[in-house]
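Lifted from TrEMBL, the feature list:
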DOMAIN    178-484  domain 'Phosphofructokinase'
BINDING   G185, R248, G249, G273, D274, G275, T276  ATP binding site
BINDING   D274  Mg(2+) binding site
SITE      G275  site 'Important for substrate specificity'
BINDING   T302, I303, D304, M347, G348, R349, E403, Y460, M461, I462, R463  substrate binding site
ACT_SITE  D304  active site, proton acceptor
Amino acid sequence: MDLSISSPFRGAFPAPTSTFILNPKSRCSHSLNFFKHRNSYSKNPLFSRQKIPIRAQVSDPAVDDGFVIDDVPHLTDFLPDLPGFDGIRVLPTSWFCIPFIHKSYLFVVFLSIYFFFQSYPNPLQNSQAYAIVKQTFVRPEDVVAQKIVVQKDSSRGEHFRRAGPCEKVYFKSEEVRACIVTCGGLCPGINTVIREIVCGLNYMYGVDDILGIQGGYRGFYSKNTLILTPKVVNDIHKRGGTFLLTSRGGHDTQKIVDNIQDRGINQVYIIGGDGTQRGASRIYEEVEKRGLKVAVAGIPKTIDNDIAVIDKSFGFDTAVEEAQRAINAAHVEVESVENGIGIVKLMGRYSGFIAMFATLASRDVDCCLIPESPFYLEGKGGLFEFIEERLKENGHIVIVVAEGAGQEYLAQSMQGIDEKDASGNRLLLDVGLWLTQNIKDHFTKERKMAINMKYIDPTYMIRAIPSNASDNIYCTLLAQSAVHGAMAGYTGFTVGPVNSRHAYIPISHVTETQNTVKLTDRMWARLLASTNQPSFLNCDESTGGKVCKDTIDLINNMKITSI
């Protein structure tokens, strides 16, 4: 069969010089464009919607270039008779194989029984805001690469569905009842996300029925709801905190989904960190189990920037910017006295991104301590030795420490606390106070030096401020992407930028691991070069001061756990 440009199958397959493989165990859509419809597959335990291998545009069809799409679920996957479904529903029955021969290549497509339904056109096609846009809707085949630095013969790696408005939607505007909930700790930008979800639903899609769930997950079954309109949320982005109140814990999947079902809610927007997103995943699974037409969308929130896959989390830029004020204050204090030692404790339970970026931005920091990098106090190359050297050179020193740094060290010298908060996070010992006391004892009692200690903990001041301009723009993009995805029928997904392009990511993908500072990457090396601090790692002089292989292996295999 001719698969050239004139063929009706143009777009369904790659060019004749390549091979396209659909994994029959996948229910991911691959935009079979000759039907101009989206693929969707009915619920079957033999099928999985993730990680579909595809070979495309390779000179040798026997070579697998490792192109993988990690797609997100769709309502039609578990609602086969969903009104408004536009496309092809492939039933996992009556499988047969049709070979298409073109020159020396074999194209194999697994087909089945198809049913067609009528869907709804996206209201944005009549929007004045999008009238001038060259391409209003994202194409079904648009994907975002997780890995953009590749070599000639390397695998192309994982890709995610590109976020944005779709040509067809699976909800009528007048039928939508959406709700928004915020969970976990505070973070700059939460109110902006709330505002933009409400305004996006209303202005872009004409949705008027939007509820605010108060007090986190437990608010579903123990609190009253707020009616949210653009007027109600008009200026909440100027405030810190969350307009809807928040809490940790309180997740009861059955009660939450019962409430969703009883209230007739069909779109759920969940703003929170990795623990909250795991809860969102369980809500999606229960919704799927009950066969409810409910789209569950997650917006990842963590001030620590420890959400995996995405480039960064909202509120992070604001936190780094606000941390400068604390660092500047510490620097002013210590340079105004003799032998001034300033310690600034910043957020970073398991990831030291705020401390690292604040240090790089400040240029007034002499040493940065983060959870990913072990350090020691005494002996050659230790922190005490470095502090004494800087005091002799400059007369003062500023140290930035992330709250999760040195916890194992603290546990050896202090009584450990084997307790957790309501979110399941292990309670940390206060490294700032511990470090301050140990430095004071060492220099005053052992070294007999007069020092001036200054300790600053700006944690709650940073968490409570409204987001800056950069984060406000970012929050708008996150909120609008979530709205577009839910209206298009996607569910069980979270949104975020991957290599600067917003994408829909399976929730499980962002909760299976945490984003941490990689000591073997260049960014940490840039910090060490900026501060000229010791790395606190064992170096082999015979290899020109390079870190020994055993230490590198230990760092690469190191996992910072939350339990």
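Each residue, glycine too, has its Cβ placed from N, Cα and C.
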Around G348 (substrate binding site), how many other CB atoms lie within 10 A of its CB? 29
Give me the mean pLDDT over the domain 'Phosphofructokinase' (178-484), rounded to a whole number. 94
Argmin Cα dist to T302 (substrate binding site) over the binding-site residues R248, G249, D274, G275 returns D274
Neighbour count check, CB within 10 A, over binding-site residues G185, G249, G273; minimum at G249
Rounded to the nearest Å - Cα separation of G275 (ATP binding site) and D304 (substrate binding site): 13
To the nearest whole angstrom, state the Cα distance for the pair E403 (substrate binding site) and D274 (ATP binding site). 18
Among D274, D304, the one of these binding-site residues whose Cβ has the fewest neighbouring Cβ atoms within 10 Å: D274
Looking only at the binding-site residues G185, G249, T276, M461 (substrate binding site) has its closest CA neighbour at G185
Taking the residues the record says bind ATP (G185, R248, G249, G273, D274, G275, T276), how far apart in Å are the two Cα atoms that sit farthest from each other? 12
Counting across all protein chains present, how many other Cβ atoms fall within 10 Å of the Cβ of T302 (substrate binding site)? 27
How big is the substrate site in terms of the longest C-alpha to C-alpha distance among T302, I303, D304, M347, G348, R349, E403, Y460, M461, I462, R463, in angstrom? 17
Across all the protein chains here, work out how many other Cβ atoms are within 10 Å of the Cβ of R248 (ATP binding site). 20
